[in-house]
């Protein structure tokens, strides 16, 4: 009997604790609703409609955040994807192209994720407006690529930019310069969600404004917001009415994400007659990509698993290049009709990413986000395509910028291709120290970009500058100790060298 009572009281206390948690959840949701209503009450009449939509979307996300036990996947359920669910790009390319490729292209829309600021590289304003090659910005190169397509095939592929409230004004100002280009450009805005205090789980914003003191109160909720905001903007319906069928989505800072006609043809003319609603481009992991999200089979669906969802005990296994060989490039091809169908059924399921931030004043906040690729499991007949590494060329840091500005790549009609003079197709590993983090400092430290055709590895640390026409080959490590400075002289050739200490070259 005593064992029975022990079990009974244990069950009761667990029930009590879950009831208690439910009461707390309800109270938090009610308090959040009260605060959001107060914020909405401060909106001007012309802001009410879209502010309401934003806050409704946020409320749904917050509700799920309170309900879910945490981001972990059940590690035991993760399986390797079936052989045919991730196709090699070579196989897709081997099918060739049909004669009517122009009519296939006319069904495509290119969407670039343009919500990010250049703050991590020390720039103000949209990241897409940073100069990356011969004065061309990310946006210039994107427009040039699509214009070249439209001229070559006599097509009408439009460009759609998903901006955030941070990038919208500056981007729209700059778009005027493309008014004579052969590309229709549309924009829509990501939602604007309130950051919440980590302790109270209530919004830190007191009204709808997001300028001045309130800049830090709001955030764009990750690129998973594309489905709802694209649908809400009305642009999705307009493009479907124009006969468009697929979008090709990628990050604007991925210079390798150009329109691929072979993948598009595979989507529009599938070999088995059954169209894919969602294609994710993946590529082989290197040691630099161990944290990238990977495609797995989970409950009979293809599923993207990110490092944040992995139970701590399995993180090293997740990072293993031998077990999980591929990662998501965030180049995605998605059927417009499927987005519309799932959005109308409220059936797009994406894991919540809880992103903690510390504001300038020291306040700890969290922002709830989602990732566009996580929705793959909601679509029918999804597919991974293992593409060459050249389709993943993101510029996240000045180390990446050095690679794309160098003679490793040649620029043609907005597209970067690796130079034929480089003997092996891998990209050198470049690590520039903190003196190079900001674009302005980085540019000041190179009189011209070095010749890097035969470079394998470059590490630079401390106060280092490069003169004109420097050549770097093999493995080069340059370390200026604190208080020292190293000037690499003009015309220098460094091959498999370690340079340290102090080297000042003074004009006389």
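Cβ coordinates are placed from backbone N, Cα and C, and glycine is handled just like the others.
Per TrEMBL, the features are as follows:
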BINDING   127, 190, 222, 253, 396  UTP binding site
BINDING   223  substrate binding site
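Structural mapping of features recorded in TrEMBL.
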residue: 127; record: UTP binding site; Cβ neighbours (10 Å): 24
residue: 190; record: UTP binding site; Cβ neighbours (10 Å): 28
residue: 222; record: UTP binding site; Cβ neighbours (10 Å): 23
residue: 223; record: substrate binding site; Cβ neighbours (10 Å): 23
residue: 253; record: UTP binding site; Cβ neighbours (10 Å): 22
residue: 396; record: UTP binding site; Cβ neighbours (10 Å): 14
Taking residues 127, 190, 222, 253, 396, which bind UTP in the record, the widest Cα spacing (Å, whole number): 21
Distance, residue 223 (substrate binding site) to residue 190 (UTP binding site) (CA atoms, angstrom): 8
Distance [Cα-Cα, Å, rounded] between residue 127 (UTP binding site) and residue 223 (substrate binding site): 15
Alpha-carbon spacing, the residue listed as 'substrate binding site' to residue 253 (UTP binding site), which is rounded to whole Å: 14
